[in-house]
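Step one of this worksheet: look at the structure below.
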Amino acid sequence: MIQYLNVFFYDIYPYICATVFFLGSWLRYDYGQYTWRASSSQMLDKRGMVIWSNLFHIGILGIFFGHLFGMLTPHWMYAWFLPVAAKQLMAMVLGGICGVLTLIGGAGLLWRRLTNQRVRATSTTPDIIIMSILLIQCLLGLSTIPFSAQYPDGSEMMKLVGWAQSIVTFRGGSSEMLNGVAFVFRLHLVLGMTIFLLFPFTRLVHVWSAPFEYFTRRYQIVRSRR
């Protein structure tokens, strides 16, 4: 039974989540554009919104790009200037800082959403569920740091890296690379994949519409009517 669950969650489940993530996002964009928004509640009440939102977004963006580089970049691309042990230490320190920022900001946003009557009235169940899951995932991520510290050579981290790269390159037997990995890492992986599974059904879809063109657009020319 344990072997079956291991194969399902770490060999099959990643592709289920990825399929729902991409296909669900595409279908929602095509058929539900009126729901494709961040639904900001800042106009309802600004108290605490700016600081909590900034902390949360800075932290979670740092975590996302840190995981993107750390998990998916082939080792040979950085081995000549960044040893595995140094990479793990950097991940623990910077990841820990970003995790704390995300946790503080996310907890503030969730508390505001639950206790502010005006904000609560415009909140949906998926809003509350996805924020709660993100906070739990953040706690799990922070709780992996002591386990990583037990392997200063980065060997535990490289098992996770090997698993992630095996998944994205469609190699079989990916679950075998997680043999001996602490349970908290396994739980962190499953919940992380579940977030991608739920992504198309929440307001997280606004991530796809990040205004990157703002940095390259032409300056607007404003002429007064005189």
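Heads up, the Cβ atoms here are built off N, Cα and C, so glycines get one too.
According to Swiss-Prot, the topological domain 'Periplasmic' annotation covers 1-4, 72-83, 150-183, on the basis of similarity to another entry. Annotation source Swiss-Prot lists transmembrane segment at 5-30, 49-71, 84-113, 126-149, 184-199. The annotation topological domain 'Cytoplasmic' is assigned in Swiss-Prot to 31-48, 114-125, 200-226. Residues annotated as heme b 1 binding site in Swiss-Prot: H57, H206. The feature heme b 2 binding site is assigned by Swiss-Prot to H67, H188.
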Study note, to complete from the structure: Rounded Cα distance, in Å, between H67 (heme b 2 binding site) and H206 (heme b 1 binding site) is 20
**Study point:** For the transmembrane segment (49-71), sequence-distant contacts whose Cβ falls under 8 Å of one of its Cβ atoms, 6 or more beyond its ends
**Key:** 41-42, 87, 91, 94-95, 97-106, 108-109, 112, 134, 138, 141, 157, 160-161, 164-165
Check your understanding: Between the binding-site residues H57, H67, H188, whose Cβ has more other Cβ atoms within 10 Å than any of the rest?
Key -> H188
Review point. Counting only pairs at least 6 apart in sequence, do the transmembrane segment (84-113) and the transmembrane segment (5-30) share 3+ Cβ pairs under 8 Å?
Key: no
**Study point:** Between H188 (heme b 2 binding site) and H57 (heme b 1 binding site): CA-CA distance (Å)
**Key:** 20
Review point. Roughly how many angstrom lie between the C-alpha atoms of H188 (heme b 2 binding site) and H206 (heme b 1 binding site)?
Key: 24
Practice item. Inside 10 Å of the Cβ of H206 (heme b 1 binding site), count up the other Cβ atoms and send me the figure. Key: 13
Practice item. Tally the residues of the topological domain 'Periplasmic' (150-183) by DSSP class, grouping H, G and I as helix, E and B as strand, and everything else as coil. Key: 20 helix, 0 strand, 14 coil
